[in-house]
Every structure is written in structure tokens, then in C-alpha cells.
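Q: Residues or ranges marked as compositional bias 'Low complexity' by TrEMBL: 587-596. TrEMBL lists 602-611, 631-642 with the feature compositional bias 'Basic and acidic residues'. Among the features that TrEMBL reports, domain 'SMP-LTD' is placed at 74-251. Residues or ranges marked as domain 'C2' by TrEMBL: 242-369, 387-528, 695-816. TrEMBL lists 554-648 with the feature region 'Disordered'. What TrEMBL lists as transmembrane segment is 12-32.
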């Protein structure tokens, strides 16, 4: 053992490496050991809780960390069901061991050549079975032909699974899983088995911890452990977290398509207006209290968006709009968390949980809500419940740049796909000479296909079906629509291994308007594919409508804010008892700051000099879903506050005539079938020619042609109002191509500006081309974020293309 520890030290000295390498290895080893001990301690504590719940509940009385059935009378204990699970667990373990050996092991071997030696050497599900801490049954506001149950699942397992792959031993020794599992029994029948099907899904991402064994211990290395845990949670979310479901039919010949992919309940439009009396988090020298830089995180289910940051203001004004698709009511709630942005760690400033059931009943809620888990602070929100109606007249209403409809795409399957894009070209057989036999074999096998669906600036990706000419995806996607009369759905089937297109299809949404139900359920012929290649989809278009509230109903208003234990993400800050601050009873109109007035005058000047203006709201920033939320408890605050009117103006954003194409940056961590916000930044394969898309900021350029030097001179002055892509800020730089030349050698790039959304560059670049050639070119400019290599943050912040044939390059131009 001594030789084993001293071996790396001797090797470092033998190779002449610095002693810092030894210290780095020692630090990694210590961190790995700390993570391992932390996981083992948590698992031991969870086992202790499982063994004696009575003692744990008594200990939790002081800390008030109690089960849900203590807080909520409608959550019932089901000890009889837990006793049934204990008795049945050994038999379930035997069935799972057989499934792993006979079903899962052959599938893993067929995935890849390197996995052909995969063998499960030990499969034991242990003595500890899952436990149900409480069940809530819904009897109101649901269909009479269904039963809805929420099961609070807790699994602290001592399972042990080992697998050998090419002499490498991988394994799991202990799992912890917490989450709320919804079980829907529908439809109820009058004959046996009395229930048509069972639908299962998690309301939010479950909390998961895995204690690795064997070579899998390397996944506990700092940096790798976070990435591995997030990948596993994303894998679970793509199958078991809303809007994804598992539906098991109990009766023969039962059509479960409408059960697996039901039409959403509605859309919640959130107007984040302002806040007041927020707590001061910034301090100087630990004593002098300063102002904070607040921003908001809004979340419904697994979809989360981040507002802009207001610098040094305890009464921030945002005036931003977000939209969420709501799939389950009751069940899904709106969560709002406020943070103070800091260079190192953001401080928690308060949170809010709003019941969407009350918002759906009230239709419109415009109130000041008191913040929980903080000493002071109120948040002004305007919430609108948008119903999905089958009324084409609602599509013609002026929504002031907001969405008017939602498109639901049920992606079923495809038929007779070509093996590669050389097999068919526009329906005619093509030929290509292949010299590499290995590549030829790769092209002769069945394609592994996935689908890219695009509406406007939003692109979503389906799962991959391996090695099949007739793939079946069985997924649902939702898209927000500005204009159903002019927008289209673009479908592209691609091969994962060869990254080639196997077929495309374009469906104009105006075709759905010809059908009274605004629905198309058919096969669509694929272009650039075989003559008999089709894709089967069901398209449903629904208008977004704000209905008038019931005049006889008493509005919930500020009471829509829920109390009790909730899941919040605390990044810091003091947890003190909430004290209701005094609130004036007069309605407040936010003052116009000097910066706002200066910005307004600047925009007016730009509009007079250069271009026309359009009214648009400020673009919010979607953020990656935060995994592993901590359980916390909200303090009750019975104080009510009167609503106040807030008069806001939409920001006037210039639309440059030279902008030919704007492509939005991809959202890398979002789930393929999740709903999106009104202004989500996502990748697009289409040119955006309408003026209703929300801006990502502006870049100031000076372009002219130097006749003496025979070169095109591009001066990058700076950017303003960029949209942040991560909580830690962005490090923007500008990349320039002179299309169609995309060679790496001809690429121009500015320096990187650290942690700023308004960088100043003042850097000059030259392209040595004749004036005639430059007139035929297009200037491609992208603002990108300099991110770490393994980071999952979005890299591209925005892109613009300038057609140089339309400009007087000898005279030159300079504009935003």
C-alpha cells in the first residue's frame, strides 16, 4: 500500500514534473474522499430515519421538519400500503433480476460493439423497499371519470448491482430517491377491470442520489459528480417528468393516445412588474450595508426563466413578460425566487408560491404579494390565465406582439426512410462513389433517426430511434404561435450517425384553419427523400383567450399565495422569521429614473435618424432548470395588500433595415418536449423576417471600403443590452465571417470582455478583397459567450447578417 501511494510521487519526480502536480492530485483525492464520506453519511442517516420514523418525527418537532400529512390534513398516511410493499418487495426483486438478465442485458450489448461483453455479475435489490409517506386524493375540479392520486415516494434502498464491461467493474451500492408521483386512473368503466388505463409521472424532477461502486467511483470526482448527476436526472425527466408520461392500458384494445398526450389545461402569462422594500444583501467590509442587485427566477414545473438584473436598487422595476404551458391543474404552481446577483454566490432575497388553481378561477390577478422567508419585501405580479379555445376569431385579435395561439404536435412515426441522403435525391435515385469500405458499411445499415421541429424561432428535438427505416417516436411538443396565417411548421428528419437529412416537410399552419376543429391527423409526404417516405403527425392548433371572470365568485387575489412547505433554491442569505412590514394603502406609480429617461431619449434619437420603431417588451432570459431543490418551509403571512395600477411603456426597439437574418442561440439544457416561454432563446433554422421577434441586444458597427488598401474595413465599436445566458454572467466576444467564406483562417474575432452585458471593443478588422467581390458578399456577425470547455451554458448570444450589396461601401455606414 505504501508503494501504491508513493508511486505517483516517484513518477512525477522521474518525469521532472513540478510539485504542484502532486499537490493537485492530492487535492482531487481529498475532495473525492470527502464526497464519498458525505454520501455514505447521508445514506446512513436516511436508513436511521427509515428504521424509526416515530423517533425522527419527535426530533423534527423542534425543527418543524415534519411529513406532509402533518402540515396538510388532506394528505393521508397509508401504513397499510407500506406493509403490503414490504411483503411484496422480495418477489418484485426477483422479477427485476430476471428482467435485467433477459431483457436489459441484451439491449445494452446491441447498443455498441464495445458493450458486447456487458454482463450483470450481481443483481440484488436489498431488503429496503420504497415507502409512501402520504397520499393525496383529488375529488374536486376533476373529471368524474377519473381518479387522481399524488404519492409522496421515498426510496432509501440498499440495492447492489454490479456489471462487468471488458474487465472493468461498474456498480451501484445504494440509492436515494424522493419525489411526488402522480397516478391517474382513467377512464372509469362499468365493466371489469373498471379502469381503462393507469398514467404515471413525476410533477417535478425527483431528488436522486446514487452511491457508486467499483470503477463508477470516479463519478464522485469533483466536477464530474455534478455533471453525472444532472445527466441521470435529465434522463429520468425525459421519460417520467411532466409533460412526459407513462401510460399502461389495463383493458384490451384501449386507445391511450389521448391519455399519453392530453391537451394542456392552459397557459399562464406572468407580468413581472416590480418589487419594493427588498432586503439589503450587499455589504462593505462586513459592516456597511449597501444596495442589492436583484433578479427573479420564475418556475412552473421543470421550466424556468430568469429576469434581467436591476443594479443597486431595492425597489426594482422589471416590466417583463413570461409565458408557461400548464399541463396539470391542480398540481402545478408558479414559484418565484428573488436573488441578489454577486460575483461569487448569489444571495437569497425571498420567495413566493402561487396556486394556479386560484389564478385559473380568477382569470386575472393583479396584486402585491408578500415575500416568504425574508424580513421584508413585496412583489407586484399581474397573472393572466389563457384558456385554449377552438375559435378562429380569437386568432385575429391584436395581442401587441404577444402570442395568439399554441400548436401541439403529436409526433407518431415515419415510414420507409432512406438509409442515407445519397440513396434518394428529390425522389430520384442518386449515385455516389464510396472508396472507404468502412464508411460504405456504415451507410448501408439502417438509419438512427431523430426529428427537428421548428416554428418561428423555436426548435425542438425528438428522441433518437436506432437502426430503423420505420421509426416510432411517440412524443408531444408545444409551440407558441404569433400568426397562424403566416407561420409554418418545419420538420426535418436527420440521421444521428451521419448527420445527414433523410427528409423534410413544411406544413403551413393556415391549413389547420380550414378544418373546423383546427386539427390535422394524417401522413405527410417527405421532400428530399424516397417517393414513398411519409411521416405521421397530429397537429392541434388552439387560440389563447383570456376569459371574463365569474362576477359572483370571490377572487382569491393575494390569497393565491400558498403557505406551507415548498421547494426553494437557497443560494445564501439569512433565514429569519418573517415580520410583516407596514405597507401604504395608496397605489404606487414607479418613478422614472434618469437612466430610463436617457435611454428613452436615445432610442427616440435613433428612430428619428435611421429607422422606424416597433413596440416590444423587454426580452426575458430562460435559465436552465435547477436540479436538486432543497426542502424548506414558508412562514405564514396573513397580511393583505391592495392592488395598485402600474402604467408601463413598452421599450422602443429599433429594427435595422440591413438586418437580413436573426438567429437565436440554442437552449442546451432544456428538455425536448417542454413548453417554452414567449421569448425563449432557442435555435432556429429559419430566417426571421417579421418585426415581432424580441431583440437580444444591439451591436454597433462601422463598415467602409478602403480603396487605397483594397480592403473592407469593419470596426466593432461595442454592444449594449445583451441578454445573459447564465447566472454567473457572460464573457462576450464578437466573431466575424465574410460569407460564403467560412474557413477558420478567414475568421475574425475580438477580445473577450469579462462579466458585462455592454462591452466596448473598438477593434478594427480588414478583409482584403476587391470591391466587386465584396459587393457579392454577406457580413456574418455573431456575439458569443466565452464559456468553459465542459460547460452546458449557451454559447451564441445573438447573430446578425448584413447584405453588403445594398450598402454604399465607399461612403460607409455606422449604426446600431
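Don't overthink the numbers, they just go from 1 along the chain as shown.
Keep in mind that glycine also has a Cβ here, set from the backbone N, Cα and C atoms.
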Q: How about long-range neighbours of the transmembrane segment (12-32): same chain, 6 or more residues beyond its ends, C-beta under 8 Å?
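A: 217, 220-222.
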Q: Treating G and I as helix alongside H, and B as strand alongside E, what does DSSP give for the domain 'C2' (695-816) in helix, strand and coil?
A: 10 helix, 57 strand, 55 coil
Q: Over the span of the domain 'C2' (695-816), how high is the average pLDDT in this prediction?
A: 84
Q: Is it possible to list how many residues within the domain 'C2' (242-369) are helical, extended or coil according to DSSP?
A: 11 helix, 63 strand, 54 coil
